[in-house]
């Protein structure tokens, strides 16, 4: 069962029904193997609209469904998350920050387990702030690090601090990098991703409602991050990597950079440019899926 989802929770086997509350799904009301048993690729990202756009994109790339057809939200019974499916691809929104993606992942991993899915690859696609990279560059995460540049997630469980590894699948990262070279449309690097607990002070910004440090201190911190191997900053990768590791799932994080944080804090590019940037992780992951399914 090496290629199946591994659940680190013996209590679930004793439950007559498992209600995935934030998905508005449950084993007593839905046939998970029928609905999701053929899933091989799961792509997750922050916003529902972006994940709906991704499923429409991948449907067209894989030649599944008629052009322009609507893809219903499987989680329409709740407004917490959105979920879409086409063929072997599942697209799920996770909201913003570690708490939001953590809740989603608990239920997503259980969904894949109940559906008896095997050989699953999960990829987070999103946006980030770059360090020392031109805006629009794509970063494939080698390992997620915390705000002190350590590759770990600290979590308090039953009042005790638990440390979990945040490494990501090295071979998968190399395969994605090769895909980007074959596409040849945008700069892509493999580097560490710093995962922070907030968008402003946690990322060293000078433009939040509270800031008790100066620009020199901010720049020194970001340069220290760069010297440690960090190439971008976001707010979800650490718990994503940790939970996928514990569940035995191949995982990757692919994020585009919207700005170079060494040059400023606010995102000032035009809407059209930002939309094009946000499509780059979709293109890369879409190409990877097509190649994996031998449709390239």
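In case you wondered, yes, glycine gets a Cβ from its N, Cα and C as well.
Here TrEMBL flags 80, 124, 125, 126, 127 as phosphate binding site. Cβ neighbour count for residue 125 (phosphate binding site): 27 (other Cβ atoms within 10 Å of its Cβ, all protein chains included).
TrEMBL lists 203, 205 with the feature substrate binding site. Taking a C-beta cut-off of under 8 angstroms and a sequence separation of 6 or more, residue 205 (substrate binding site) has the following same-chain neighbours: 199, 211, 218, 265.
The annotation domain 'Nucleoside phosphorylase' is assigned in TrEMBL to 40-289.
Spatially close to residue 203 (substrate binding site) yet at least six residues away along the chain are 129, 196, 233, 261, judged by Cβ distances under 8 angstroms. In sequence order, 45, 46, 234, 236, 253, 254, 255, 256, 281 are the residues of the chain that are 6 or more apart from residue 126 (phosphate binding site) and have a CB within less than 8 Å of its CB.
For the binding-site residues listed here (80, 124), the lowest count of other CB atoms within 10 A around the CB belongs to 80. When every Cα pair among 80, 124, 125, 126, 127 is compared, the largest distance found for this phosphate site is 20 Å.
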